[in-house]
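**Student:** Take a look at the following structure, please.
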Amino acid sequence: MSTGTNDLRVPIAIIGGSGLYELDGLKVIEERTIETPFGMPSAPILIGELDGRRVAFLPRHGKNHEYNPSTVPYRANIWALKSLGVFWVVTVSAVGSLKEAIVPGHVVIPDNIIDKTYRRANTLFDELAVHVNLTYPFDPMLREVLIECVKAEGVPCHTEGTYVCMEGPAFSTRAESELHRSWGASLIGMTAMPEARLAREAELCYATIALSTDYDCWKDDDEVDVTNVMAIIKQNVANVRRILQRVIPAIPLEREEECEAGRALQFGIMTPAEAIPEDARKKLGIFLDKYLDQ
Ligand SMILES: CSC[C@H]1O[C@H](OP(=O)(O)O)[C@H](O)[C@@H]1O
Ligand SMILES: Nc1ncnc2[nH]cnc12
């Protein structure tokens, strides 16, 4: 198991979604296999340099898309990124559009999530009681950076939107799709949760570039399937790659202290240090030590 220490800190991570299994322009330094207390991450993590910045890249579904949205090892992924010293996490996701104006090929930088998942481990902290604030699961400062970069690339960009995270792996029924629309949500996907919640528990600064790939199944003339989704991703992946190449140098590394997510656990740990089992302290030390070693 990796020790959680990091000789060469990697401040930025990109988590690639469906259709994004590598990061263009990354000068790969190392492919690191990290064993975590939550098992193995989705894939070995590529560590490299882009624009003089250290960046980690992790394909969420594995190198060969072997994990479905329910079986992605979200907790191992977050633990592994934290162990590298990552703070800024930019993710890429394919999503269905629940609004006419969000045309397939457009990008959305979502600002909230409705979590409908029900069979995924949804906390890093099973052995104690921790309650973090999740009012805004996507970091506002990082969202602004993403919005600027998408616009600068000339890609149509929707600057807000609620992402409904369903369990899947089947797509929605028509009735479910209409229900999600009636909630006023903009996007439907299968992976933002528990990823965003775990990122907050790990005090990471997290935001998502969502690529609209389809109108889900609410429009009379459209029905979603993987072939359609992948065709749109293929047509737009070059945009996403260019956006990411802009994002990495634009991340304000020097403003880390301003990001509230970095203090998410400050008032969230209910269980007193002396009541936390020793093995949990070891397993979760990379998240908890700064609060418990006082
Ligand atoms: C390939 S269609 C469904 C699949 O795509 C999205 O994944 P990701 O968010 O990793 O891009 C969606 O959530 C489903 O997992
Ligand atoms: N319509 C849809 N529903 C859920 N996940 C998706 N990912 C891409 N399109 C989707």
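Even glycines carry a Cβ here, placed using N, Cα and C.
Reproduced below are the annotations present in TrEMBL:
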- 11-248: domain 'Nucleoside phosphorylase' (DOMAIN)
- S18, R60, H61, S93, A94, T191: phosphate binding site (BINDING)
- S172: site 'Important for substrate specificity' (SITE)
- M190, D214, Y215, D216: substrate binding site (BINDING)
- V226: site 'Important for substrate specificity' (SITE)
**Student:** Given the recorded positions H61, A94, S172, T191, which one's Cα is the least distant from that of D216 (substrate binding site)?
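**Tutor:** The answer is S172.
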**Student:** Within the domain 'Nucleoside phosphorylase' (11-248), what mean pLDDT does the predicted structure show?
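**Tutor:** Computed over the domain 'Nucleoside phosphorylase' (11-248), the mean pLDDT is 97 on the 0 to 100 scale.
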**Student:** Report the member of D214, D216 (the binding-site residues) whose C-beta atom has the most other C-beta atoms within 10 angstroms.
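**Tutor:** Ranked by Cβ atoms within 10 Å, first place goes to D216.
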**Student:** Which of the recorded positions listed here (S18, R60, H61, S93, A94, V226) have a Cα atom within 10 Å of the Cα of M190 (substrate binding site)?
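**Tutor:** So far as Cα distances go, the recorded positions lying within 10 Å of M190 (substrate binding site) are S93, A94.
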**Student:** Rank the recorded positions A94, M190, V226 by how many other Cβ atoms lie within 10 Å of each Cβ and give me the one with the fewest.
**Tutor:** V226
**Student:** Give the helix, strand or coil assignment DSSP yields for T191 (phosphate binding site).
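**Tutor:** For T191 (phosphate binding site) - judged by DSSP and reduced to three states - the answer is coil.
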**Student:** Apart from S18, R60, H61, S93, A94, T191, which residues in this chain have a Cβ no more than 8 Å from the mean position of the Cβ atoms of those residues at the phosphate site?
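**Tutor:** Filtered neighbour residues, in order: G16, G17, G19, L20, P69, V92, G189, M190.
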**Student:** For R60 (phosphate binding site), which of the recorded positions S172, D214, V226 has the nearest Cα in space?
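**Tutor:** Of the recorded positions S172, D214, V226, V226 has its Cα closest to that of R60 (phosphate binding site).
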**Student:** If you check the recorded positions R60, S93, A94, S172, Y215 one by one, which have a CB less than 6 Å away from any atom of ligand 1?
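**Tutor:** Near the molecule: R60, S93, A94.
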**Student:** Ligand 2: which of the binding-site residues R60, A94, Y215 have a Cβ closer than 6 angstroms to it?
**Tutor:** A94
**Student:** What is the separation, in Å, between the Cα atoms of D214 (substrate binding site) and S172 (site 'Important for substrate specificity')?
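**Tutor:** Each residue's Cα considered, D214 (substrate binding site) and S172 (site 'Important for substrate specificity') end up 12 Å apart.
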